[in-house]
Structures are given as structure tokens and as C-alpha cells.
Amino acid sequence: MARAKFERTKPHVNIGTIGHVDHGKTTLTAAITMTLAALGNAQAKKYDEIDAAPEEKARGITINTAHVEYETASRHYAHVDCPGHADYVKNMITGAAQMDGGILVVSAADGPMPQTREHILLARQVGVPNLVVFLNKKDMVDDEELLELVELEVRELLTNYDFAGDDIPIIAGSAKEALEYMTKNPKAQKGDNEWVDAIYELMEAVDSYIPTPERDIDKPFLMAVEDVFSITGRGTVATGRIERGIVKVGDNVELVGIRETRPTTVTGIEMFKKSLDQGMAGDNAGILLRGIQKTDIERGMVIAKPGTIKPHTQFEGEVYVLSKEEGGRHTPFFKNYRPQFYVRTTDVTGTIQDYTADDGSTVEMVMPGDRIKMTVELINPIAIEQGMRFAIREGGRTIGSGVISKIIK
């Protein structure tokens, strides 16, 4: 029933809860929905509804993720919560649920744990730009000094992974106490209860500290080529989904990837067999290009605003390798393994030159189910950039999923 009043008039931000298992991420997610539901800005979700997260498939990998949505006075949020640690790792790497920012949940009673570190590292590697911290289970800590120590430890950990550890807002509270109070008093407002107030304080920090992301439509134009046709008398048409930006008839563009980059001009844009003046992010369109033969362009190239993307052959990637149960390989692989890397619309063969563990040590052998950093050299240059997702395939089946953490050349 309450569905209808979610009008998208406010800026939209994707966020998620991250942190160690059992530190209270799901309880916090439930507490946020209950608290904002009292203002009519969310649909209250119980812990069980979020915890029983449905399975999703992203790039051939099964992930359990719960999605909730809510509003604050200034924004509309889509919030993702993964119950299991493995689901988190997979979600972060596949980008199944993109995050513009995260709420790092740390138990004040336990302090940072190994998974806390791993999630902060992953957030850094896969490009979750900003974090806000919720020190949970404050009700279980009697000693103020202990709370301060945990906060210092968290700030130091964030700084170690290149986040602004000194500036990140840290809010202490108890998701469980807030949830219990809201369950008994579903109309409770700010000022009624200290634990509920901590949830308001957290959301105010998220509102002010996590910036509104630049919308795809405001970024420079890019479309990955999926198919190419010649139309007699009109020239060559490349079709695909416009990934970002706006393209207008008469715009100068570049064809990037696989071969030498070359300039051309857009002479027409078509959608659903109709001619348009412009195409924008999200559109599936056909783009007519001046002076380009059908043989000059192929799937896997991108058409982009001049100078905004370059072709590369070597990169570092953070990769999750599918387990045997997930349909991945049954056997390990080693240095100089040569699978295909599926980027945007095409497979490119590449050689894996080395593997690195989180602590920077070299790894010789990679097992199905591992998460690993790898250096890859592609046989053809293609338009890639930091933060892009890719799949690793072998004979057409996905055996791994990754994100580009650094462009080398």
C-alpha cells in the first residue's frame, strides 16, 4: 500500500551496511527502517525480513542480498545488506548492488575484527568512496574509556586503508535497543529515547558526509558497441546501450579499443526505428557514424566523447574465484594462466602475470573459492578504467568475477 508515495523527487544514493558478522549490521538496517517509518519515510522491516535475504544472481554468481529503501528529509536511499560474509565479498566485487557509500558497523564490545579489516580493504579496492561508522552494542560497554579506545582503533584502521580516518563521523549507539524501543513505540520521534536518537544522528551523518554521486547522465558520453550494421546509402550504425552521458547528432566522438583510436562524427541516432536528436544514459540506441566502414568497427569497442577514455592492456584486479559448487573450476590455476576477460560487451584473452594476497605477499597457486589480487596483460588494448567490473571466463563459462583496482598501462 505504502508503495505509491515514494516519489523520486529527492536525490538518490545507494548505500549498504558492511562489517564483521554478528556485529549487528542487519539489526541496524531494521532499526533504520523502523525509525524512519515513524516519519512516514520508510516501510518498517523486521530483522527476519531482512535476514531472509533472497538469492540473486550477478554475473553467474549467487549472492544473498536484502534491499530496503527509505528516505530522510533530503534524500532517497536504496540500502543493501548481506547476511553472510561470503555474500559481502561477492557483492562488493561483482558490484551487484553498487554502493555510493557505506555504514561500517563495529561492535563497541569487541572492536574491529578480521572481517572488519577485510571489508574496509574491499571498500577501498572496489571504490566505495565514503564510509560512516556506527559503533554498535554501546549498551554492553560500561566503560567510556573502552568506547574511546575502540573509536581510536577504528579511526587508525580506516587511515591505514586510505580513508579519512580523522574526519569520518563515528556514532555510538545500540541498534538492538533502538529496534526494541521502536517496536514497542512505533510512532516514537526524535528526543523520545537516547538509542533512537543515535539512529537519527547516524542518518544525519550519512546525509551530510556521503556526497550525492554524479548521475550517469552528467558524465562524459560512452557507449559500448554490441553490434554493427551497414545501411545502404546511410553508412554504418553501431548499436548498444549508452552507459553514460548524452550524445547529440553532430557530436564528435572517438572509437576506442582493439585498434588505433579514431575520430568520427555522429550523423544520426535511432531508437525503436525512430530518429532522435539525442540519446542519453540508459538508452539502447543505434548511432550512425560518418566515414566509418563496417569493417572499421567491432563489438567490444566503445564510442566515447574525445579524450575521455583510453585503451589499456595491463591492469590490477581484485577477483573472486568461483568455487566448484558455484560452477567454477574444479582445479587450481597458476601464473601465466590465460583465460578470457569479459569487459562490457566482449571477451579478450589475457595472461595473468602474478597473484598477491592482502598482506602484499606473492601467491603461487589460486584455488576455486579464493579472493585474490592479480596483474593481467591483455592481448588487445581495450577501453577500461579503474572501478570497472569484469568476468573471467573459460570456454564460455564464468570462473571468476573482478573489479579493476589499478590501471598499469
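Any Cβ shown, glycine's included, is placed from N, Cα and C.
Per Swiss-Prot, domain 'tr-type G' is recorded for 10-214.
Beyond the ends of the region 'G1' (19-26), by six or more residues, the same chain brings 47, 50-51, 66, 81, 83-85, 104-107, 110, 112-116, 119, 136-137, 175-176 to within a C-beta distance below 8 angstroms of the stretch. Annotation source Swiss-Prot lists region 'G1' at 19-26.
Annotation source Swiss-Prot lists GTP binding site at 19-26, 81-85, 136-139, citing sequence analysis. Close to CYS82 (GTP binding site) in the fold, though at least 6 residues off in sequence, lie GLY16, ALA53, ILE63, ASN64, THR65, ALA66, TYR88, ASN91, each with a CB less than 8 Å from its CB. Under the DSSP three-state reduction, CYS82 (GTP binding site) is assigned to coil, being neither helix nor strand.
Under the heading Mg(2+) binding site, Swiss-Prot lists THR26. Look at THR26 (Mg(2+) binding site): DSSP puts it in a helix.
Averaged across the region 'G2' (60-64), pLDDT in this predicted model comes to 74. Residues annotated as region 'G2' in Swiss-Prot: 60-64.
As annotated by Swiss-Prot, region 'G3' applies to 81-84, with the evidence given as similarity to another entry.
Residues or ranges marked as region 'G4' in Swiss-Prot (evidence: similarity to another entry): 136-139.
If you take the Cα of THR26 (Mg(2+) binding site) and the Cα of HIS85 (GTP binding site), they are about 12 angstrom apart, rounded to a whole number. Scoring each of the binding-site residues (LYS25, HIS85, LYS138) by how many neighbouring Cβ atoms lie within 10 Å, the top position goes to LYS25. Long-range C-beta contacts of ASP22 (GTP binding site), restricted to its own chain and to partners at least six residues apart, with a cutoff below 8 Å, comprise SER107.
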